[in-house]
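Taken from TrEMBL as is:
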| type | residues | note |
| --- | --- | --- |
| DOMAIN | 1-226 | domain 'tRNA methyltransferase TRMD/TRM10-type' |
| BINDING | 114, 134, 135, 136, 137, 138, 139 | S-adenosyl-L-methionine binding site |
Ligand code: 4HQ
């Protein structure tokens, strides 16, 4: 996959792109990131890309022209098929695992990182074809959201994670939160690993993990559970979890 990132702070991406799995994905040719400095498309001698808002008000607004020119320099011309041209903004559809897998199926993405109080509305109306938010909070720019999207999408690209189960076996891919994990030592400051995980009984371990994942999701994210199609086994486990929780409530923990 090729990702073009339009930003006035390309240096924010260097640590991210040169670390761990993202670095390896780039080295192995699964991911190509082309950083475009929007300032290179400013046509004034101070290379400024922002201006005061028409109608007044606080802050500055990113101008349309440098962003249009930067995108147009990446695309073959009118009539051609446009890849997703995504503006990162709190007004967009909220990013989640389903959107990550949709984007991972694309050959190319163009990500536009805004700054200041936002971007000229004509960018939204006539240049971008998607707007994505990474959550309901206000950041200083779209660079961190762009990195979040690149990160979540890259790990879904074929060949990026050694074990293909790794990408799908985790919580959000399955719609449940993760079960608790432990590694050596068995005893740490007197805190023991649950006996079942040392038993070697793989069916018992599978059931325990499933029960833990269901219980965690029920307690912390019941909204996720409500969306799921549960198997008969899951239903039995969940009925048990709820029954035990109600008993503990009656007895005061
Ligand atoms: N931004 N998800 C860029 C965000 C944001 C978010 C605030 C984007 C400022 C200029 N982007 N503007 N949350 O907070 O994507």
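Any Cβ shown, glycine's included, is placed from N, Cα and C.
All features noted in TrEMBL, drawn onto the structure.
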residue	record	Cβ within 10 Å
114	S-adenosyl-L-methionine binding site	26
134	S-adenosyl-L-methionine binding site	21
135	S-adenosyl-L-methionine binding site	11
136	S-adenosyl-L-methionine binding site	7
137	S-adenosyl-L-methionine binding site	7
138	S-adenosyl-L-methionine binding site	5
139	S-adenosyl-L-methionine binding site	17
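Proximity of the binding-site residues (114, 134, 136, 138, 139) to ligand 1: a Cβ under 6 Å from the molecule is found for 114, 134, 138, 139. DSSP assigns residue 139 (S-adenosyl-L-methionine binding site) to coil, not to a helix or a strand.
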